[in-house]
Structure formats: C-alpha cells, structure tokens
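Step one of this worksheet: look at the structure below.
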Amino acid sequence: MVVKNICCIGAGYVGGPTCSVIAWKCPDIRVHVVDKSELRIKQWNSEKLPIYEPGLEDVVKECRGRNLFFSNDIEMAIKEADLIFISVNTPTKTYGIGKGRAADLKHIEMCARKIAEVAEGNKIVVEKSTVPVRAAESITHILSANTRPGVSFQVLSNPEFLAEGTAVENLLHPDRVLIGGEESVEGDEAVAQLTWIYNHWVPTEKIITTSTWSSELSKLASNAFLAQRVSSINAISALCEATGADVSQVAVAVGKDSRIGSKFLQASVGFGGSCFQKDLLNLVYIAECLNLPEVAMYWQQVTDMNEYQRTRFAKRIVECLFNTVTDKTLAVFGFAFKKNTGDTRESPAIYVCSHLLEESARLNIYDPKVECKQIEHDLTSAAVTSDPERVQQLINIYSDPYEAVKDAHAIVVLTEWDEFISYDYRKMLSVMKKPAFIFDGRKILDHEALIKIGFHTETIGKRFSRNTLLRASGGDIKMMH
Ligand code: NAI
C-alpha cells in the first residue's frame with residue numbers, strides 16, 4: 001500500500017499545523033483534517049485561522065483546497081483515508097478514578113470506535129495525541145473487537161514534539177521524529193509507510209523507530225525533563241533572591257557545561273501550556289498505579305515547584321506594593337502562556353492574576369494575541385473564582401498598552417512578548433501613579449535602564465541592591481524598601 005489519503009481527527013494546535021505542513025511537503029497526498037467542532041472547521045476555512053502560529057497562514061493558504069481540506073465529515077474522511085492520525089485532546093481527568101491526574105482518554109476511545117465502525121479496507125491508525133503508556137494497546141483492542149471482514153488495522157505511536165509559538169519551524173526542522181510500532185512484519189510495513197511520508201522533508205537519520213511503548217513513554221519523559229529544567233532553575237532563582245546571587249549569571253555558568261547545555265534554563269514566573277502540567281501529572285499517576293511511589297513523588301515535585309514559583313511571584317508583588325493591592329490598579333502585560341501564541345491554557349498569568357484579584361487588585365490586562373473574551377473566560381471560570389461578577393468588575397482588557405498603564409501603580413510582565421522590550425517606558429512612567437513599580441516575571445526588560453528612569457524594579461532570581469540602584473540612577477534615587 002502507498003499512502004495517498006490521510007485523515008487527521010482533531011483540528012487543534014497539533015492536528016492543524018502538523019497536517020498543513022504534511023500537505024505542503026507532500027503534494028502527492030490528499031490531507032483531510034476533520035473535527036467535531038463546527039466552529040473550529042469554519043475558522044480553518046476562513047481568513048482568520050483558529051490558532052496563531054508564525055508562518056502557518058501562508059502554508060494553509062497555499063494548500064487549502066489543493067490537497068488540504070478541513071471539514072466536519074469525519075466518516076467520509078475515515079473511509080477515504082489510508083492513514084488516520086488521532087490528534088484529539090487528552091486533558092487531565094476532572095472526574096472519577098485518577099481525577100486531577102490521569103489523562104482522560106474518552107476522546108481517543110470515541111475516535112477508535114468511530115474508525116472501527118466506518119472503516120473499509122486496511123488502515124494505519126497513528127496515535128499523535130499524548131497518551132499514557134500502553135494506550136495503543138487499548139486502541140488496538142477496541143479496533144480488533146469491532147473489526148468487520150476485509151478490514152485490518154495497524155496502530156502506530158507518533159507523538160508530536162512541536163512547541164506552540166514555533167510550531168511550523170519545529171515541524172519543518174524537527175530534532176527528531178519518533179515512530180513506535182508493533183514488532184511484526186505488518187508493524188514494520190506500517191512504520192515504513194509513515195517514515196516514507198516524513199521522508200518527503202525529514203532526513204532518515206532524524207527518524208527514530210522504537211517499540212510502541214517506548215515511543216509513548218518517550219513523549220511523557222521528554223515533557224517531564226523539559227518541565228523539570230524550568231522548575232530546577234526556578235528553584236535556584238528563589239535561592240538567588242535570598243542570597244544576592246543573580247540567576248541569569250548562574251544559568252550561564254551552569255549551562256556552559258556541555259553535559260547540561262544552555263537551553264531552557266531561563267528562570268521565570270513558571271511554565272504553562274496545555275502539556276507540561278498534564279503530562280507530568282499523568283506520569284505521576286502512572287508511577288503510582290505501578291506501585292512506584294518514589295518515582296511518583298520525584299516528578300510530582302516538578303509541578304509543585306511550578307505552583308510555588310507562581311505564588312511566590314504574586315506574593316512578592318503584594319509585599320512590594322506596601323502589603324496591599326486592594327483597589328490599586330496593576331497593568332498586566334501578557335496573558336498567553338508564552339510569546340507568539342494566543343493560547344492561554346495553564347498560563348501562569350491566570351494564576352498570578354487570580355491571586356491578585358483575590359487581594360482585590362484592579363487589573364488592566366493587555367496581550368497582543370489573546371482575545372478579550374478568552375481572558376474573561378479564564379479569569380471567571382469556576383476553577384479560578386467563586387465570584388465571577390466581582391472578577392468582571394475588577395478586570396479591564398485593553399488593546400493599547402499605553403492606555404492600560406494610565407493611573408496604574410505597577411506593571412506586571414507575565415508573557416515574554418518581544419514588543420514589551422521596546423516600549424517607551426519613560427512615557428508610561430509619566431502617566432502612572434508614583435512610586436511606579438515594574439515586576440518582570442519573564443526577565444526580558446532592561447532593569448538597570450528602568451531603575452534609572454525611576455521605576456522600582458523587581459524581577460525573578462535577582463534582588464537589586466542599594467548599590468545597583470544608586471549606580472544606575474547616578475546616585476540620586478530613593479530606595480523604597
Ligand atoms: P486541541 O484541544 O487544540 O485540539 C483537539 C481537537 O480535537 C479539538 O478541536 C476537538 O474538538 C477535537 N476532538 C475531540 N474529540 C473529537 C472527536 N471524537 N472527533 C473529532 N474531533 C474531536 O488539542 P491540541 O493542543 O491540539 O492537543 C492534541 C493532543 O496533542 C493532546 O494529546 C496534546 O497533549 C498533544 N500535544 C499538544 C501539543 C501542543 O503544543 N498543544 C504539543 C504536542 C502534543
């Protein structure tokens with residue numbers, strides 16, 4: 001069999017960009033992306049795509065209608081496809097056994113049942129969603145228990161390693177592509193088919209093939225290692241603040257060791273996004289279920305440290321603002337969980353803002369990409385507050401950062417958007433309440449310059465000493481402590 005038709009179930013942050021790039025790089029293959037959400041599909045077929053990713057719009061515009069199609073006709077797409085990607089969401093369970101930790105596989109199971117129900121002929125089913133180890137076994141079980149005569153399935157694991165904000169770049173130039181398959185002749189043949197697709201633009205040496213279980217676990221392990229690096233440097237940042245060391249200097253010194261490496265050593269207000277937290281919790285849950293409590297505790301600590309970092313930052317804001325933010329206005333710069341995306345899932349901004357709202361602060365929020373209604377939704381959801389009306393009264397969403405800082409007591413930077421670096425902070429300071437504070441939760445601003453123009457500046461992993469302040473101000477600054 002040569003793959004001529006691909007179907008992807010799930011038109012989200014993974015399914016959309018991944019299949020757009022496949023369609024772009026494989027003009028000989030028809031790619032059909034389907035979703036149960038009518039709105040999502042309508043947006044994929046419109047001028048304004050449902051997600052923002054640098055470079056994505058150009059790829060979609062070139063392929064859409066040529067060999068890339070978005071629709072809600074899931075059954076038809078399954079029937080036509082030789083290979084089916086499952087890219088549906090696998091959130092943390094919010095009910096029942098494993099609540100708050102295990103991955104909820106209900107969407108995966110629904111896809112498996114739908115495929116079994118309507119498929120004709122031989123299909124390769126590819127698990128692209130992040131799943132617990134041995135999920136492919138469950139999919140195989142459901143498929144084989146419902147298989148009709150003349151139909152056969154091979155299930156592969158092909159986890160996605162793209163990072164939001166750089167999805168197209170990551171898909172075009174992946175560090176590696178991982179394909180896990182059953183160790184059999186049929187399994188090898190299916191792996192070869194998927195390898196052939198990636199080979200359209202990814203060199204063979206970057207394509208790793210493993211057993212299905214190794215592939216599934218590698219994805220969880222990769223995210224756990226990445227999150228662990230962030231929590232490790234954040235733990236050091238707390239030590240820096242207490243001792244007078246500077247976490248940026250420590251990160252450079254540590255990262256120069258080639259065994260450690262310099263990437264992902266940026267201290268911050270904490271990691272966010274839909275994956276790190278959920279995949280860590282999933283790993284913890286799996287370890288617990290396998291009676292490995294020490295392993296579970298080890299990884300649990302990575303997410304506990306992240307929570308500690310967010311709370312610590314919010315508390316420091318309150319502390320610096322003379323121990324009260326009640327009725328004070330704080331301009332919040334950035335709400336997305338990282339720059340170059342409009343995604344707010346598990347964004348540290350949600351946690352820091354909700355802590356400040358608890359303290360009755362008024363928040364003027366600005367983000368270049370996040371929609372106003374998304375911010376309102378995130379801050380008024382039941383998981384965040386029991387009093388959505390009050391939150392609604394305390395927040396104002398702005399489309400101009402210079403408007404957001406008017407009469408504010410402080411600026412709080414929660415996303416590392418590049419544009420925040422080049423703002424005219426002197427102009428902002430002139431319309432703010434004095435003393436004016438700036439809390440840089442992403443360590444992106446020029447702190448000495450801010451101190452020099454008169455901002456009381458706070459950041460992660462560094463305390464500005466009296467000497468720094470005096471040096472930066474030419475000796476005439478008044479310390480607020
Ligand atoms: P998402 O929530 O953006 O998209 C999932 C889509 O699947 C939604 O549009 C939903 O309507 C659709 N869907 C759910 N059940 C369906 C069904 N039965 N039939 C048809 N459509 C259905 O999720 P996202 O972020 O794309 O993640 C998908 C998977 O990829 C998750 O397992 C995630 O852990 C993993 N992943 C996500 C990455 C990211 O950066 N977002 C990176 C790597 C992996």
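Backbone N, Cα and C define each Cβ position, glycine as well.
TrEMBL annotations:
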type     : residues                                                     : note
ACT_SITE : Cys275                                                       : active site, nucleophile
BINDING  : 10-15, Asp35, Arg40, 88-92, 129-130, Glu164, 275-278, Arg345 : NAD(+) binding site
DOMAIN   : 331-447                                                      : domain 'UDP-glucose/GDP-mannose dehydrogenase C-terminal'
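Asp35 (NAD(+) binding site) and Cys275 (active site, nucleophile) have their C-alpha atoms 20 Å apart, to the nearest angstrom. Comparing Tyr13 (NAD(+) binding site) with the residue listed as 'active site, nucleophile', their Cα atoms are 11 Å apart once rounded. Residues belonging to the domain 'UDP-glucose/GDP-mannose dehydrogenase C-terminal' (331-447) score a mean pLDDT of 97 in the model. All chains included, 19 other C-beta atoms sit within 10 angstroms of the C-beta of Asn89 (NAD(+) binding site). Taken residue by residue, the domain 'UDP-glucose/GDP-mannose dehydrogenase C-terminal' (331-447) breaks down under DSSP into 41 helix, 20 strand, 56 coil. Residues Gly10, Asp35, Asn89, Glu164, taken from the binding-site residues Gly10, Asp35, Asn89, Glu164, Gln277, are distinguished by a CB atom under 6 angstroms from ligand 1.
Contacts of Gly10 (NAD(+) binding site) defined by a Cβ separation under 8 A and a same-chain sequence distance of 6+ are given as Asp35, Phe85, Ile86, Ser87, Val88, Asn89, His107, Cys111, Lys128, Ser129, in order along the sequence. Cβ neighbour count for the residue listed as 'active site, nucleophile' (all protein chains, 10 Å cutoff from its Cβ): 25.
Annotation for Glu164 (NAD(+) binding site): same-chain Cβ neighbours under 8 Å, separated by at least 6 residues, are Tyr13, Glu53, Gly273, Phe337, Lys338, Asn340, Thr341, Asp343.
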